[in-house]
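Have a look at the structure below before the remarks.
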């Protein structure tokens, strides 16, 4: 019961920033005391675990040539939260799986209803009470929309498929009322990729299918004052950029990417060092391109480069870019080896597309949610036969992990 309670508390309490660090420590301690959990030596055989460990080791090595000061926010340390995947997956087994799954769904629904209340009643974006910005909430809605669409594609029941599609549209409608353009576009693009991959249709045939869907999206956009406001703002941002002013949302990102690529080109192999990107930007903009961006640190405090690839490339150069590619490949391989090819396409597409405009891998708790979903999906395929109303992506399944299936009736920790 103890280990099960820890898994439930972690999965459901993922969104409470006050408890989050405590729950991570509790999860690691539970892994250490559980004699039935897979050991680190067994877990390191998993490709995704290897990729996360490699990325974290490279970040530690990057400190050797970094000139970053000791004080500061050190946002790069958030990459190490990806290691939470290791104890969570190690603790999962057939008896604990339903509890962990239920806790994730319950926690998600709690956050969803809280966010809906904030938007509908208090006319606020995000969830201030949970310290969740509109960006994080939009990403959360995108994940839910994609998961609902994925299960709608695989479900055998027409009624359930219709309900899931309706749920996906509802989440998408709510996402249209958040100001996060990048995550909204990433969600829409991922949905398109998912449908094309599942139905194996050509782009021309997809265009025919998209004709009745497009008016729905246009209606969502028309009904959302947020989308209209952001559209007008995007036009104003582009006008300011043409005038040489980059103190706007789009202009700031363009400046960050420009300076970031310049920094990578300076030290392409090893990068500027772990923790250096924001300091490099503040130091470089004074002279770069005759000081074109020199006022931007006053416009907004430099935190990250709004792009996963530039962020890790600035810190570790080709070494970091290779580690990031390895991480994405291993993530996809984890789904593939459990017969969940479409799920892997959905997940990796959303991660890559979201990482184009945000540093997604260090973005709040959303990457942790995706890793938790990955662990639950892998465990389900490993310990349970497919006798539900949902079809699998692929008939292939991996060999069960014998240690994780040892769930004796007398297990006092379970």
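Keep in mind that glycine also has a Cβ here, set from the backbone N, Cα and C atoms.
As the structure is a computational prediction, the values presented were derived from the model and not from experiment.
Features of the protein shown, as given by TrEMBL:
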type: COMPBIAS; residues: 393-414; note: compositional bias 'Basic and acidic residues'
type: DOMAIN; residues: 170-324; note: domain 'O-antigen ligase-related'
type: REGION; residues: 386-414; note: region 'Disordered'
type: TRANSMEM; residues: 12-32; note: transmembrane segment
type: TRANSMEM; residues: 44-64; note: transmembrane segment
type: TRANSMEM; residues: 76-92; note: transmembrane segment
type: TRANSMEM; residues: 99-120; note: transmembrane segment
type: TRANSMEM; residues: 132-152; note: transmembrane segment
type: TRANSMEM; residues: 159-176; note: transmembrane segment
type: TRANSMEM; residues: 182-199; note: transmembrane segment
type: TRANSMEM; residues: 206-223; note: transmembrane segment
type: TRANSMEM; residues: 312-331; note: transmembrane segment
type: TRANSMEM; residues: 338-356; note: transmembrane segment
type: TRANSMEM; residues: 362-379; note: transmembrane segment
With contact taken as 3 or more Cβ pairs under 8 angstroms (pairs 6 or more apart in sequence), are the transmembrane segment (76-92) and the transmembrane segment (12-32) in contact?
yes
Among 44-64, 99-120, 206-223, 312-331, 362-379, which stretch has the highest count of C-beta pairs below 8 Å with the transmembrane segment (132-152)?
362-379
So, does the transmembrane segment (12-32) come close enough to the transmembrane segment (312-331) to give 3+ Cβ pairs below 8 Å, pairs being at least 6 apart in sequence?
no
Under a Cβ pair cut-off of under 8 Å, which of the recorded stretches 44-64, 99-120, 182-199, 206-223 contacts the transmembrane segment (362-379) most often?
99-120
What parts of the chain pack near the transmembrane segment (99-120), using Cβ distances under 8 Å and only residues at least 6 beyond its ends?
4, 7-15, 92, 126-130, 132, 137, 140-141, 144, 171, 174, 177, 369, 372-373, 376, 380
Can you work out which residues elsewhere in the same chain, 6+ from the ends of the transmembrane segment (182-199), have a Cβ less than 8 Å from its Cβ atoms?
135, 138-139, 141-142, 145-146, 149-150, 153-154, 168, 172, 175-176, 206, 209-210, 217, 342, 345-346, 349-350, 353-354, 356-358
